[in-house]
Amino acid sequence: MVPTLEGSPDPLFPDFPRGPLHAYRARASFSWKELSLFLEGEDMLRYKKSIFSALESDPLFARPHGAHLSLEKYRELNFLRCRRIFEYDFLSAEDMFRSPLKVLMFSNCLGMYDWSLATKYFLHTMVFGSAIYNSGSERHFEYIQKVFSMEIFGCFALTEVSHGSNTKAIRTTAHYDPATEEFIIHSPDFEAAKFWVGNMGKTATHAVVFAQLYVPGGQCHGLHPFVVQIRDPKTLLPMPGVMVGDMGKKLGQNGLDNGFAMFHQVRIPRQNLLNRNGDVTPDGTYLSPFKDVRERLGASLGSLSLGRVSIIGMSIVNLQLAVSIALRFSATRRQFGPTQEEEIPVLEYQLQQWRLLPYLAAAYALYHFSKSLFLDLVEQQQGLLGGDRSARQAELGHEIHALASAGKPLASWTAQQGIQECREACGGHGYLAMNRLGVLRDDNDPNCTYEGDNNVLLLQTSNYLLGLLARRFQGGARLQSPLRTVDFLEAYPDILGQRFTGSSFADCLDSAVPLAAYKWLVCYLLRESYQKLIQEKRSGSNDFEARNNCQVYYCRSLALAFMELTVVQRFHEHTHQPGVPPSLRAVLGRLSALYALWSLSRHTAVLYQAERRCSCPGRRDRSS
């Protein structure tokens, strides 16, 4: 029996009205309703339906047909919608802790409507609010209450004009004055201006500002977060010493007001330092529970992992929307046929299927990965808040950082390429603005850049893998991690000795086959990257030069292949678990195999080259 919403005559899964797509839906070999229940669960489906139903019936969220909103009007309307979202109370502070997956589902629902709205809401609650909760202490909890009541509106100010990825080089300063028990926030020049900060342009009243902390005597203790009021909440006029403004129109997400700020000797109370990871006493003594400066900085920048994991989810929503639009169009658009009198839907053409169906499989595989990684991050953050300083907790943080750093590039690039393919697959009609494909493409584009440029982030993941292998060779450390994503590397030499044994097309339809090939590929790229790094150092390059010379061959490919392997592995396990309904096993198995084989096919040249090299007589593994 189909579940129904309590108190409502409408079923949770209303049947689609008969129309052009009915013939295809009637031919389905599985129940889409059963698939939705398996992938989402009834509680989440009810939750999503409640959000969509509320937005559909609220005139404030009606889209202006045929009217082009000015930049100012769009941003005003976006803020009003954001305020209405708080009034609906879809996601309370208690929900975030009791059912963290609701956070991801809520973000996806708002993003399907408009990413400007979703980003504005979550920069305020999850990025600004979470930064205060995770990096602050009890004295800062008053801000959390004001976040959800919208007494204040927040933003996260890390990036500067001259530095983004290199966070250690951030130049905003915070000098402590023990005479007044205040920090003095200062921007030494324009290059130190906070830049590209979402919500800062028009609406933010407070910011979590990252600055270099100096104590009396001039000693710098590195980057720390501070709560700084930048505008009057009643008038939205800048506070004394703060120059703040809007960056203007962007390529997409123009309902979000990105801004800049400079600080001229702005004094804030000592208590405005978010002090969970580092504190200053009234007399100016610096204290921290971390002995390792890098671990303290990593804990303080935990919001970046949250941001990157969120961007993975954002990218997949964009891909889901684009694929849905293109496939539905392809099922109804008819061109040519076996006779002049009979035209067939373009979806029946092998070429159209070749273009679109891999992105359909990618949407499912990456969606599962985004949910599972989000829950891994929740576990890690809960450990930090609980004061867990164990070695496992530290390793979990490193592993999630590596997964988020490569997951964001894989998801955002897949969405970018998929949306473009969907646009082209819809022919001339795909170029119409009304179909949303152009908006999706533009709104997805910044996912490739903010919270870390994709190519730069991949180096974080390859460095993580190279570090594991180096420790193995130098000290015999086991190749394992809390989430077990690298545990297969323990069999590194044996895997490289394996060869593909499939003898038929049918053998490849089990995603376990490309999964084994992926493990071989990652081991090969890891060996080649490590050997290249050692070779560069032996030739006289310092560590910086050696790593720079290894970025393209093969570190970038290593990080992407490792990330694809992780997605394939998790989706394979999910689609082959005992709890999969028998009626869904075939279709989920095909989706899993299609994504794995399609992703692996992009490495065909490397696989061919690797096979040739590994089969050369006399070649041996020189890594050790």
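Using the three backbone atoms N, Cα and C, a Cβ is placed for every residue, glycine included.
For G198 (FAD binding site), the number of other Cβ atoms no farther than 10 Å from its own Cβ, over all displayed protein chains, is 25. Taken from TrEMBL, the feature FAD binding site applies to T159, G198.
Here TrEMBL flags 302-466 as domain 'Acyl-CoA oxidase C-alpha1'.
According to TrEMBL, the feature active site, proton acceptor maps to E451. Listed in sequence order, the residues of the same chain lying 6 or more apart from E451 (active site, proton acceptor) and placing their CB within less than 8 Å of its CB are L304, G307, R308, I311, K408.
Annotated domain 'Acyl-CoA oxidase C-terminal' per TrEMBL: 512-610, in sequence order.
Within 10 Å of the C-beta of T159 (FAD binding site) there are 20 other C-beta atoms, taking all protein chains into account.
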